[in-house]
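*Asks:* Here it is, the structure in full.
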């Protein structure tokens, strides 16, 4: 692996574009539209935030863009990183190099798109871009950024070229981002990658300059994102959207002849196409993902492996999959030894692999999905069977789900009949995906609602919140107490599926997904208690209070109130703006009631 880069491609450089690139910027192009459940009163934003420095807008969407080529002497090499000031460690560059190319056995001729995910190096500062951090709180939990990971979105081209020593042109254009917007970034690559391979670095620089003019990725706003003559109209979902709804952004009447290509999502994959070979076992796979079981997808190419892994992770939405997952994983990955060791039980992770070597290396894993080539939309492959793990010897083994897992729930025959009928009637894959996604959503909601109801009961009563005492603690989660609630308020109220729901819950309570979910809910509820405590303080007559207390106690109160304000701002507590303003007014009034020497000191201490 090596790093090479043209000196002229620095962050401040403005290289002249050739005529072809200039033409690309000026020509009329289709407008791409993506949506995610937009309410009618959505604001639109096609301007860039004020006061931003060069590359700040770019950094809100992308960490960097890489070009990875093949060098006969060096192997896969990062040829360009843009903007040039972007920081990647040597370990990260090595991972990007190997993950940006299909394994040689994949035989991917032509253009191939896929996605990978890799761990950020431990030696670098782990932080989110300030803009991302600001908007993260409004995202659904499954779209929140994980500061420890990057996503890589790849457009790989391999074509015969007799002028090259190797006989093939092999190159990948890779977008590196914190954002898990799979469908959106794949669409961006479809627009820019083919022309980049013809026009090279000047075209890439122009595309990056366009991205740097984009507005910030604000959830809930309709955003206009121009790139190389194409305008994308997108809406990022918010945590307030109703789960499972995808209302297309309404197009305004346009006087020009732009063609609109509508993308109904920024992050979802074609879930039916991915589950198609195994949809008879989709409910069992849902259980395995829900429970955070070690799962490996063996596929013929990175496209199939990455799409299938992402579909699996997505099938428990709106619940977030809290364990690690790798849409495309290679033997060169820096976590290869960690994830393939036999000295301990396989970790809670979903891996997508294509190298035959993994059939032997991972044969001790308890659950393996072996899939063949995914069929084009509208076709359905032969359904694979559940097979014993001992029958899996090589990656050439027949497609199937290799596991000895016994599902807790009885199989829902209704959804299978519905999907099979759709296949017979040649129902479009998009419609099949809507049916399957709704089925998974209802299944997940039936499972999670009893947990949500019980956890809500752990919240102290509002009347127990005193402004002069610390906020009360949440009651402890007691598994047996929760189990007793299932008799009257269990999933049988909302789901037709029978089976051992109690056993499924007991297993789930020991899983990483429960741990992550409960920590998230506990944090939200603790923040709600802090917000209610602030509101209780605001309702008090603090000037009357200080008349009955000493100067020392009053100064202590001011400092505590200032800390409360800082905490509310830092942790994005769900506090109403007028509550914050009221508290600032209280603080100012208390300070003015103190002697002048103390006023000067307190006004300098922190911000009011």
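Placed from the backbone N, Cα and C atoms, the Cβ positions cover glycine too.
Grabbed the feature section from Swiss-Prot, which reads as follows:
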type    : residues : note
REGION  : 1-48     : region 'Disordered'
DOMAIN  : 63-247   : domain 'uDENN'
MOD_RES : 127      : phosphoserine
DOMAIN  : 273-393  : domain 'cDENN'
DOMAIN  : 395-528  : domain 'dDENN'
MOD_RES : 510      : N6-methyllysine
*Asks:* Run through the Cβ atoms and count how many others sit within 10 Å of the one on residue 510 (N6-methyllysine).
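*Replies:* Counting Cβ neighbours of residue 510 (N6-methyllysine) within 10 Å gives 11.
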*Asks:* Provide the three-state secondary structure of residue 510 (N6-methyllysine) computed with DSSP.
*Replies:* coil
*Asks:* Give me the DSSP three-state residue breakdown of the domain 'cDENN' (273-393), ordered helix, strand, coil.
*Replies:* 44 helix, 19 strand, 58 coil
*Asks:* Across the domain 'uDENN' (63-247), what is the average pLDDT of the model, as a whole number?
*Replies:* 87
*Asks:* DSSP on the domain 'dDENN' (395-528): how many residues come out helix, how many strand, how many coil?
*Replies:* 82 helix, 6 strand, 46 coil
